[in-house]
Amino acid sequence: MQASCNVTARAQRLVQIPRGRHTITSAAGHYRNTTRTSLAAAERIEMFKSLEGWAADNVLPLLKPVEKCWQPQDFLPDPRLPAAEFAEEVRLLRERTAELSDEYFVVLVGDMVTEDALPTYETMINTFDGVRDETGASPSPWAVWNRAWTAEENRHGDLLRTFLYLSGRVDMRMVERTVQYLIGSGMDPGLENNPYLGFVYTSFQERATFISHGNTARLAKEGGDPVLARICGVIAADEKRHELAYTRIVEKLLELDPNGAVLAVADMMRRSITMPAHLMYDGRDPQLFQHYSAVAQRLGVYTAGDYADILEFLVGRWGLEKLGCGLDGEGRMAQEYVCGLAQRIRRLQERADERAKKMKKEAVEFSWIFDREVVL
Ligand SMILES: [Fe+2]
Ligand SMILES: [Fe+2]
């Protein structure tokens, strides 16, 4: 790390300490401030308009043609089979899940519910100035991307939902109720219609989902279900491709407007990255999201360490430590803050882990698994 990226005392004061024992998310009350990106909204719209040709050449190729995409049906029992053979496929599916734990299913349901709130995410991206779909079928490459990205993502929730339904391991009615509540609630990650913040957020999120689906794949394999491992694996691969697209957009912003872009990265991290399903509710547990996150943390599916790793990865991917000319004083402060943050999060997490070890373990009932208890 370059000397300029050491965390200064002032930058340290700007760190928002993640809340709670399981610090990967903050469900509400995140940092509020007007973003100090250097361009005004009108200039941003102009800029993204001028980048349409670039987006067509550099972002759209990261979509996969529908004909080359996997579909949920590729991984599920084939309903064209005679009833007895179909039932046999379902029986085998259930047999394969037998060794997977209740807590694994809690995490898989939480992941599926998160994927299923896709209408919220498409809406959120359509709030970004300069890239929103003005008609619903706009030919702008930004709008084309958003619709096709949504269509690719839509397969994730579909596949996980059908798998969970066939597994018989979860209370589908409670899962469905959670999805309805969540879509009804929306999300508020504090992006202020600003595509700079928006694409930093989506870069982070795609990598977070890549990591968590990769970990559910690994656990499925270890637990004796190679088909579920493949399911989670192909979803993770999509997330990786989407991460590439969003990080490429931020890379372009850093090239054209390094000061504005690094301020956006810093602003986003100061708010802390709120997970997309932070308003999750099943009608019973007001802390459902925190409880699901705690189980994901304990199983190693998505942890505070992953949060710091993602940040570190993005700092490297975007070459933030090397940004030199083009930054003013405020930009350099933002650079220092962002480049030192992962280390600081890790230190705070170590202390939180120490405290957590001394606390009594709590068990919570999850409606998704028929009110059985899971240790957090
Ligand atoms: Fe997804
Ligand atoms: Fe995604």
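Heads up, the Cβ atoms here are built off N, Cα and C, so glycines get one too.
Annotated Fe cation 2-binding residues in TrEMBL are GLU206, GLU239, HIS242, and among GLU153, GLU176, GLU192, GLU222 the one listed with them is GLU153. Checked against ligand 1, the binding-site residues GLU115, HIS156, GLU206, HIS242 give GLU115, HIS156 as the ones with a Cβ under 6 Å from it, listed in sequence order.
It is 11 Å from the Cα atom of GLU153 (Fe cation 1 binding site) to that of GLU206 (Fe cation 2 binding site). Closest to GLU206 (Fe cation 2 binding site) in space, going by CA atoms and restricting to the binding-site residues GLU115, HIS156, GLU239, is GLU239. The Cβ of GLU115 (Fe cation 1 binding site) has GLU153, HIS156, GLY157, LEU160, ILE235 as same-chain neighbours under 8 Å, each 6 or more residues away in sequence.
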